[in-house]
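Trainee: Relevant sequence annotations retrieved from TrEMBL are reproduced here:
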DOMAIN    B:40-151  domain 'PurM-like N-terminal'
BINDING   B:Asp42, B:Asp87, B:Asp221  Mg(2+) 3 binding site
BINDING   B:Asp42, B:Ser56, B:Asp87  Mg(2+) 4 binding site
BINDING   B:Thr57, B:Asp58, B:Asp135  Mg(2+) 1 binding site
BINDING   B:Asp58, B:Asp87  Mg(2+) 2 binding site
BINDING   B:His65, B:Asp274, B:Trp321  substrate binding site
BINDING   B:Gly134, B:Asp135, B:Arg159, B:Ser223  ATP binding site
DOMAIN    B:163-267  domain 'PurM-like C-terminal'
BINDING   B:Asp224  Mg(2+) 5 binding site
Protein chains: 2
Amino acid sequence: MTSPPPFAPGSTLADVGEFGLVGSFTTRFPQGDHVYVGPGDDAAVLRTPRGHVVVSTDVLVEGRHFRREWADARSIGRKAAAANLSDVNAMGGRAHSLTVGLAAPADLPAQWLSDLADGIAEEAGLVGASIVGGDLTTGSEVVVAVTVLGTCDQAPVLRSGARPGDVVALAGRQGWAAAGLAVLTRGFRSPRALVEAFQRPEPPYDAGAAAAVAGATAMIDVSDGLLADLAHVAEASGVALDVRRDAFALAEPMRAVGAALGVDPLRFVLGGGDDHAIAATFAADATLPDGFTVIGTVAEPGEPGPVVTVDGAAYDGPRGWTHFATSS
Amino acid sequence: MTSPPPFAPGSTLADVGEFGLVGSFTTRFPQGDHVYVGPGDDAAVLRTPRGHVVVSTDVLVEGRHFRREWADARSIGRKAAAANLSDVNAMGGRAHSLTVGLAAPADLPAQWLSDLADGIAEEAGLVGASIVGGDLTTGSEVVVAVTVLGTCDQAPVLRSGARPGDVVALAGRQGWAAAGLAVLTRGFRSPRALVEAFQRPEPPYDAGAAAAVAGATAMIDVSDGLLADLAHVAEASGVALDVRRDAFALAEPMRAVGAALGVDPLRFVLGGGDDHAIAATFAADATLPDGFTVIGTVAEPGEPGPVVTVDGAAYDGPRGWTHFATSS
């Protein structure tokens with residue numbers, strides 16, 4: 001992955017061309033044993049066990065999901081892969097393959113795209129997944145469309161299985177990326193830990209399968225915002241979820257940012273999404289896998305139906321991203 | 001698929017919102033029996049037989065791969081799906097599932113996106129494939145990233161298996177879409193048959209699996225241009241291919257356009273790609289499946305190595321698209 005690039009320094013996408021750049025990718029990405037045909041033919045072909053194929057697609061657009069001045073290409077690639085790998089995680093599955101669709105301006109440095117691809121491959125490598133194919137074309141802005149394929153060793157855990165009496169539990173950092181974004185949008189670069197959390201999320205990749213084995217009744221990837229995503233679970237399961245403020249231990253940098261920006265740092269925790277934490281519900285007597293902390297409870301829905309409350313009351317802060325309602 | 005749209009006439013993507021629009025898609029796309037979890041959870045889950053999963057991604061960008069003034073949204077959707085389904089076809093596989101990643105301007109009519117999605121589903125329906133998931137976000141231009149998954153009943157047919165002594169054969173229309181594009185770029189709308197061929201390719205979806213069963217030694221989807229794609233086969237197989245001009249029967253509209261534009265219509269055939277014909281090589285004594293016509297032969301590579309010739313000589317016309325070298 002650190003072999004020298006096969007194109008001259010300063011080359012743009014237009015200089016190197018689609019075929020040249022794709023050719024440089026395909027020779028250096030490691031391919032797992034399950035890859036029967038890797039990049040370079042009309043399609044990739046994967047050997048798969050009988051069972052379930054888990055598949056998910058995410059699209060990231062420059063200026064909306066990332067900014068080139070806020071993170072280097074490798075970090076953006078890692079983040080794009082993480083968003084997808086996390087979706088398979090949230091089904092209780094394990095990712096094995098990714099395809100990468102890219103549109104980019106013709107004058108974009110070829111090295112930037114190469115670094116982006118390396119970042120995707122690097123993040124995929126954390127779970128042993130391979131980049132098996134893709135497509136590259138010109139466009140007026142950078143668009144990264146990643147599709148991930150994976151397997152489930154057991155039945156997938158859906159959003160719809162939460163039952164009254166269950167507990168709500170969370171694995172992974174939560175709110176760090178949102179706090180990092182708040183820092184960046186105000187033109188700051190520190191606390192470094194939070195900025196890095198935004199630039200490169202570290203999803204708890206073992207949590208999903210572990211939760212499935214431990215009998216999780218429902219599960220979701222926290223990507224829109226904790227309360228927003230729990231609302232998807234409440235809706236799909238037909239239940240009410242209540243989250244406790246005191247369940248969240250606020251790390252020092254979160255407190256520091258809250259004080260510096262004059263914001264209750266719990267807002268980042270309850271409304272943040274980019275960490276790709278895993279939220280799951282379990283029977284009250286289940287033994288939670290390592291890494292999960294109970295943050296709330298599941299009840300019968302009252303009026304006005306399936307909702308998410310905080311300490312038993314409606315929450316008036318931001319619950320997460322509402323796509324298209326935001327300008328960033 | 002023809003149920004009334006769940007949003008008011010004139011609504012834009014921003015009015016309806018990502019969730020609203022995606023919600024309208026997910027309830028109306030038919031899901032095959034193999035779909036265990038369809039759209040709406042973190043990922044789709046597909047029941048699959050033990051064996052091979054075939055996967056391919058294509059990215060289409062507005063202004064480069066399609067223009068809204070040249071085709072309606074449904075046709076653009078059909079074309080986007082066709083490009084992907086054809087890749088599985090060219091491996092000898094059968095597609096069963098698609099994911100659709102979309103970026104689109106916030107002021108784009110919701111109906112346009114809905115029609116696009118219907119077009120994708122319609123084309124997928126031709127081969128019994130389902131749209132099982134996707135992602136929708138805003139961007140400054142329309143980008144459609146489709147990923148297709150399929151199965152192979154037999155070993156996939158790669159680009160690398162052509163052997164000296166084989167014949168080269170072609171299934172499907174070839175050159176019609178390129179002729180239609182030539183018509184459109186000059187501001188004309190007829191001959192209608194050619195314009196429609198560009199707007200909605202009709203790939204020979206049964207040809208790939210039939211060729212695989214008949215023992216095809218190499219196979220490729222003609223998407224970059226016939227000679228350009230045959231060059232991929234020559235390169236991957238380490239052979240020389242020769243194509244015969246007289247193997248192509250030029251249909252009347254092709255002759256008419258050639259005469260009207262003062263262009264040898266064979267240029268559309270040899271350089272055109274958007275029809276998604278299937279080119280395959282077979283042993284000389286193989287019985288070709290219905291729909292295939294012999295267009296050339298395979299030989300040992302001479303100097304300067306693996307090449308494609310026309311009637312034994314280098315060809316000086318356009319061989320196909322060179323991405324990034326074109327302005328359209």
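Going from the start of the chain as shown, residues are counted 1 onward.
Positions of Cβ are set from backbone N, Cα and C atoms, glycine also.
These figures come from a predicted structure and were not determined experimentally.
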Trainee: If you compare CA-to-CA distances from B:Gly134 (ATP binding site) to each of the binding-site residues B:Asp42, B:Ser56, B:Asp58, which comes out shortest?
Mentor: B:Asp42
Trainee: My list of binding-site residues is B:Asp42, B:Thr57, B:Asp58, B:Asp87, B:Gly134, B:Asp224; which of them have a Cβ under 8 Å from any chain A Cβ, in sequence order?
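Mentor: Correct list, in sequence order: B:Asp42, B:Thr57, B:Asp58, B:Asp87, B:Gly134.
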Trainee: Quick one: Cα separation, B:Ser223 (ATP binding site) versus B:Asp135 (Mg(2+) 1 binding site), in Å?
Mentor: 25
Trainee: If you count Cβ atoms within 10 Å of each one, which of the binding-site residues B:His65, B:Arg159 comes out on top?
Mentor: B:Arg159
Trainee: What average pLDDT is reported by the model for the domain 'PurM-like C-terminal' (B:163-267)?
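Mentor: Summarising the domain 'PurM-like C-terminal' (B:163-267) by its mean pLDDT gives 94.
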Trainee: With B:His65 (substrate binding site) as the reference Cα, tell me which of the binding-site residues B:Asp42, B:Thr57, B:Arg159, B:Asp221, B:Asp224 is the closest one.
Mentor: B:Asp224
Trainee: Work out how many Å separate B:Asp87 (Mg(2+) 3 binding site) and the residue listed as 'Mg(2+) 5 binding site' at their Cα atoms, rounded off.
Mentor: 12
Trainee: When DSSP states are grouped into helix, strand and coil, how many residues of the domain 'PurM-like N-terminal' (B:40-151) land in each?
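Mentor: For that range the per-state counts are 34 helix, 49 strand, 29 coil.
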Trainee: Starting from the Cα of B:Asp224 (Mg(2+) 5 binding site), work out which of the binding-site residues (B:Asp42, B:Ser56, B:Thr57, B:Asp58, B:Asp135, B:Arg159) are within 10 Å.
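Mentor: So far as Cα distances go, none of the binding-site residues lies within 10 Å of B:Asp224 (Mg(2+) 5 binding site).
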Trainee: Would you list the DSSP helix, strand and coil counts for the residues of the domain 'PurM-like C-terminal' (B:163-267)?
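Mentor: The domain 'PurM-like C-terminal' (B:163-267) comes out at 52 helix, 14 strand, 39 coil.
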Trainee: Are there any residues in the same chain, six or more apart in sequence, whose C-beta is under 8 angstroms from the C-beta of B:Asp58 (Mg(2+) 1 binding site), and if so which?
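Mentor: For B:Asp58 (Mg(2+) 1 binding site), the qualifying residues are B:Ala80, B:Ala83, B:Asn84, B:Asp87, B:Ala145, B:Val146.
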